């Protein structure tokens, strides 16, 4: 009887039970009157002590009835069945009469969830903002080249915060995609989610501290920056107190997220955004040729692991790894939806945690629950192209001395392409009712957009072979062939 009752929500002891109907418990018992007992009905558990017969609160939860629409998409329901709670059943019993008529309606499912819109905007803001942050040194060089230029207040801060920059080569591009494919396949067969979460948390200690907590505490504790330091061993050296406080705060946030990731999902988003910013600041594309190799390979990589692997392994490797593995209901030994609804913390009922390399947003307005997800790779890989486009615009501004040249033309074109590509991916999810490889839509929109714009403007040869124009102060002033040929009729892209 313990399956049908929950003594934590209501419990009492009776001196005797009904002789012929022992399941009938008086409504005025302490158990039935408990405010935590939603059904206000108690049942005997079969246990007896010197206090009497134990009765506990009867469960009053909804049961998920019908087929699993996730695994059986083409199944149509011909016989509707309605499940109501005890309280709802009592209300229906009171109002039903022989002349009462009722109508059943299928519970509505939102066509477009708010979570998808928010995550679309968040992904765009991260990619565009990360590219702008990554091009800060080029921006300062461009501003310094202008006549009567004045150094910005944050110039030294940006240079101090910069790390060594790695230019991606053809070998890097091919090796990155090959390694990503092998590693993704490994994660499909060997689930090491907790280890990846720990590594993600450790990387957050540096990225989130550098971008968020350290600037905050250096501003709040500016008087302590130079005056007070912690004396550490000679290997480490003295540490400013604001930096120590910033690191400790970040560590506390990481621990908080790791302990309860479902509640503090927004911390994972903040950590992921910081990681994207630092990645885009550290890695950059030297030419459009290298960018094309990297993004085209990533394009086919995404398609293969989403659409082709189900034909090989029975499930999508990409979706399986991103969500942390098979859901609890699809595994052998699943005790059943009715059991798991009553005991959600039971080991066999717990769904795996998604990998942390995602931006998440819960589907608050969808009764089915779940989360909208966007992989960090769908941000940083196109983000590298956005950063390249902005750096090219800065260098072009220095060398093309014409007032009719549209500033940031390639950056704007690529940003628009990213917005449209990510929107197309979300529309495809709604239409096809399944997860989509975002790079399938992002790569043509971004790489195709900047390539067409460069071809029309006459910068394609420079962009493809040499990358951004040199920004050295002694470099000769160059002109875009497209602007020279067209003069005042140069297109504004």
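Note that Cβ sites are derived from N, Cα and C of the backbone, with glycine treated the same way.
TrEMBL entries are annotated by machine, without manual review.
Among the features that TrEMBL reports, transmembrane segment is placed at 114-135, 173-190, 196-217, 238-259, 265-283, 290-313, 372-390, 410-432, 438-456.
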Considering only Cβ pairs within less than 8 angstroms, which of the stretches 238-259, 265-283, 290-313, 372-390, 410-432 has the most against the transmembrane segment (114-135)? 372-390
Looking only at the recorded stretches 196-217, 265-283, 290-313, 372-390, which one has the largest tally of CB-CB distances under 8 Å to the transmembrane segment (438-456)? 290-313
Of the stretches 173-190, 196-217, 265-283, 290-313, 372-390, which racks up the most C-beta pairs under 8 Å with the transmembrane segment (410-432)? 372-390
Taking the transmembrane segment (372-390) as reference, which of 173-190, 196-217, 238-259, 265-283, 290-313 has the most Cβ pairs under 8 angstroms? 265-283
Below 8 Å between Cβ atoms, which of the listed ranges 173-190, 196-217, 238-259, 290-313 makes the most pairs with the transmembrane segment (265-283)? 196-217
For the transmembrane segment (173-190), what are the same-chain contacts with Cβ under 8 Å, counting residues 6+ beyond its ends? 196, 290, 293-294, 297-298, 301, 304-305, 313, 317-318, 320-321, 355, 377
